[in-house]
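*Asks:* My structure is below; once you've seen it, I'll send some questions.
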Amino acid sequence: MTNIRKTHPLLKIINSSFVDLPAPSSLSSWWNFGPFLGVCLGVQILTGLFLAMHYTSDTATAFNSVTHICRDVNYGWLLRYLHANGASMFFICLYLHVGRGLYYGSYTYSETWNIGILLLFAVMATAFMGYVLPWGQMSFWGATVITNLLSAIPYIGTDLVQWIWGGFSVDKATLTRFFAFHFLLPFIVTALVMVHLLFLHETGSNNPTGIPSDPDMIPFHPYYTIKDILGFLVMLTALATLVLFSPDLLGDPDNYIPANPLMTPPHIKPEWYFLFAYAILRSIPNKLGGVLALVMSILILAIVPILHMSKQRSMMFRPFSQCLFWLLVAVLFTLTWIGGQPVEHPYIIIGQTASVLYFLIILFLMPMISLVENYLLKW
């Protein structure tokens, strides 16, 4: 008799995706971050759902409703800090996942990669709108500064900003619509994740060597399910440690001050996971130029497959490319640090240098060094 998991219309979809899925035998721990992201998304949707039951999206009561959640709701403080720090964990896993794709050449699966870029934009939009909801000082001014960037778009910019605001400034209408979109977007993200997996399972997974692994496949269960469960435990332990011991470590103290349109905070900055892009934005003196650089800092990922010049897929056997990759990582850390610093000497010039290096490495140095490696290998 055939096993029910192979015949039942619903179970066979799960079976072909998570049980009998043929997977390369050499997948390292870097392949754990995809499943981690799935867990993060689940945690965010669940905690967010319970938070939404107690939150009010009105400028008069939003800040107090968050305080009420933390003080009066059963385990409300836990929900709130799991949600806030869960977002940080989400972005850590997201950036490591993208980094893994860059290092091992996973971007050659163009459909999966492009859906991944869409996912990155959707998650960033969700996180930005979520940061506005507590209606603290940094929420309000962050929303004002970032939405105002759209005014740099020629001709329609000002109208577009006022249309998004629902008025002439960030106010009640803005908060209400941001809450609506913040609630809706994670479900769109979930749908995109399914499409991402659909395309991934069409081609099969890449592996660290970058060499086709068709002759050497193993079933996903039990090998990778056990490996993922161990990873989940490590990740959730790290998240629990952060939430229970220092929940405000990654937050901004200014967000514990209720939003005041008449008083600007000394340093307006987004959450840490946007600081690298914020640093690139600030490093260009022209407003439109800064906005274009900001968008391109993420959108540049879409042209990475076109810039792949190496005869090898992965960087595993390409030491020069590895050096450049880790230089890129160092540049991103530098940009993240600069994004949190005030706009003054020497931070301005460091930020500008790091921004130029970021684009230079991806657009020119990586393809050039790949051609050099091809030549050295006589390929």
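Including glycine, each Cβ sits where the backbone N, Cα and C put it.
The annotation heme b b562 binding site is assigned in Swiss-Prot to H83, H182 on the grounds of similarity to another entry. Per Swiss-Prot, the feature heme b b566 binding site maps to H97, H196; the stated evidence is similarity to another entry. If you look up Swiss-Prot, you'll see H201 marked as ubiquinone binding site. What Swiss-Prot records for 33-53, 77-98, 113-133, 178-198, 226-246, 288-308, 320-340, 347-367 is transmembrane segment.
Give me the lay of the land around each of these features.
*Replies:* In this structure, H182 (heme b b562 binding site) is part of a helix by DSSP. Within its own chain, H182 (heme b b562 binding site) has G48, T126, M129, G130, L133 as residues 6 or more apart in sequence whose C-beta sits under 8 angstroms from its own.
In the three-state DSSP reading, H196 (heme b b566 binding site) counts as helix.
Sequence-distant contacts of H201 (ubiquinone binding site), defined as residues of its own chain at least six apart whose C-beta falls under 8 angstroms from its C-beta, comprise S16, S17, L21.
Counting only same-chain residues 6+ beyond the ends of the transmembrane segment (33-53), those with a CB under 8 A from a CB of the stretch are 69, 79-80, 82-83, 86-87, 89-90, 93-94, 96-97, 100, 182-183, 186-187, 189-190, 193, 228, 231-232, 235-236, 239.
When Cβ-Cβ distances below 8 Å are used as the criterion, the transmembrane segment (77-98) is approached by residues 30, 33-34, 36-37, 40-41, 43-44, 47-48, 50-51, 66, 69-71, 116, 120, 123, 127, 130, 235, 238-239, 242-243, 247, 250-251, 271-273, 301 of the same chain, each at least six residues removed from its ends.
Long-range contacts of the transmembrane segment (113-133) within the same chain, counting only residues at least 6 positions beyond its ends with a Cβ under 8 Å from a Cβ of the stretch, are 55, 57, 62, 66, 87, 90-91, 94, 98, 101, 106-107, 139-140, 142-143, 146, 174-175, 178-179, 181-182, 185-186, 188-189, 192-193, 195-196, 199, 270-271, 273-274, 298-299, 301-302, 304-305.
Within the chain carrying the transmembrane segment (226-246), a Cβ under 8 angstroms from the stretch's Cβ atoms is held by residues 29, 32, 35-36, 39, 43, 78, 81-82, 85-86, 88-89, 93, all 6 or more beyond its ends.
Here the transmembrane segment (288-308) has long-range neighbours at 98, 102, 105, 107-108, 110, 113-114, 117, 120-121, 124, 149-150, 152-154, 276-278, 280-282, 355, 358-359, 362-363, 366-367, 370, meaning same-chain residues at least 6 beyond its ends whose C-beta is under 8 angstroms from one of its own.
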*Asks:* Tell me the Cα distance separating H97 (heme b b566 binding site) from H83 (heme b b562 binding site), rounded to the nearest angstrom.
*Replies:* 20
*Asks:* What does DSSP assign H97 (heme b b566 binding site), in three states?
*Replies:* helix
*Asks:* Which residues does H97 (heme b b566 binding site) neighbour through Cβ under 8 Å, counting only same-chain ones at least six apart?
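*Replies:* For H97 (heme b b566 binding site), the qualifying residues are F33, G34, F36, L37.
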